[in-house]
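Structure first, then comments.
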Amino acid sequence: MKFAKGHGTENDFVIIEDHDGQLELSPERVQRLCDRRAGIGGDGLLRVVRAGALGEPLADGIADEDWFMDYRNADGSVAEMCGNGTRVFAHWVRSRGLVKADTFTVGTRAGAKTVTVHSFDEFEAQVSVDMGAARVTGVSTASMAGESFAGLGVDVGNPHLAAVIPGLSAEGLAVMTFEQPTFDESFFPEGVNVEVLTQLAEGAVSMRVFERGVGETRSCGTGTVAAACAALADAGYGTGTVSVHVPGGTVEVEIFDEDTRLTGPSRIVATGETAL
């Protein structure tokens, strides 16, 4: 089976083309492919499939001929959305000639996403994703390594708890102990991605994330959108542009009244064949 490997701010993915939806992708197979010792390794897997071949109901705005990002977490579970993965997915289909336009629709389980590939070659690209509205669901708490913190619940097509920690520096964030958080399961019945971030300063924040079904990752696209929403709210703003620094790099998040946009890099680092 042919594969590629790519990442968006070091949030890395196995890429599999399966245009007609013929590939059997069991959770166990996804786990093997994403295994960093015995497999290819990745935070998740992106299956490139025609929306009409997916075999699932499609959200409004997704046509059968659109390319659909069938995203799986590293544990094999199906995920609604992945912002960094969408950038890498868009880079792949544009650079491989599967689409001819720079702006096009990518189907996801969180709905149709408009993407714009600003620049690209075979290996590198700069991509924006219109992520849709970020919906604040309330305030909740989580605990990690014996510390409890309050955060803003934000739905970005998947659930997030973004916690702004007053007085936390980027250096302090970098040395925090990150482990499986506990959270209010009645508030987040399907689990949650947890972001911890600094307060907004000069239009920027630093963030770390523990992703549902994966663990701590170097970046999380939907998480950066949730973090930007929380940082702006903490600073008394409803909209704005935030540079979000994650361990894997920096992305720009724009928060509008009824939409959000994520812009950042994509890199394809390898192609090959696997027997997995």
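Every residue gets a Cβ built from N, Cα and C, even glycine.
Lifted from TrEMBL, the feature list:
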type	residues	note
BINDING	Asn11, Asn73, Gly83, Asn84, Asn158, Asn193, Glu211, Arg212, Gly221, Thr222	substrate binding site
ACT_SITE	Cys82	active site
ACT_SITE	Cys82	active site, proton donor
ACT_SITE	Cys220	active site, proton acceptor
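Here the features listed in TrEMBL are placed on the structure.
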| residue | record | Cβ within 10 Å |
| --- | --- | --- |
| Asn11 | substrate binding site | 32 |
| Cys82 | active site | 30 |
| Gly83 | substrate binding site | 29 |
| Asn158 | substrate binding site | 25 |
| Glu211 | substrate binding site | 26 |
| Cys220 | active site, proton acceptor | 35 |
| Gly221 | substrate binding site | 28 |
By Cα-Cα distance, the member of binding-site residues Asn11, Glu211, Gly221 nearest the residue listed as 'active site': Gly221
Rounded distance in angstrom between the Cα atoms of Glu211 (substrate binding site) and Cys220 (active site, proton acceptor): 8
Residues close to substrate site centre defined by Asn11, Asn73, Gly83, Asn84, Asn158, Asn193, Glu211, Arg212, Gly221, Thr222, Cβ within 8 Å: Ala79, Met81, Cys82, Gly85, Val209, Val214, Thr217, Cys220, Gly223
Alpha-carbon distance [Asn11 (substrate binding site); Cys220 (active site, proton acceptor)] in Å: 7
Recorded substrate binding residues, Asn11, Asn73, Gly83, Asn84, Asn158, Asn193, Glu211, Arg212, Gly221, Thr222 - maximal Cα separation rounded to whole Å: 17
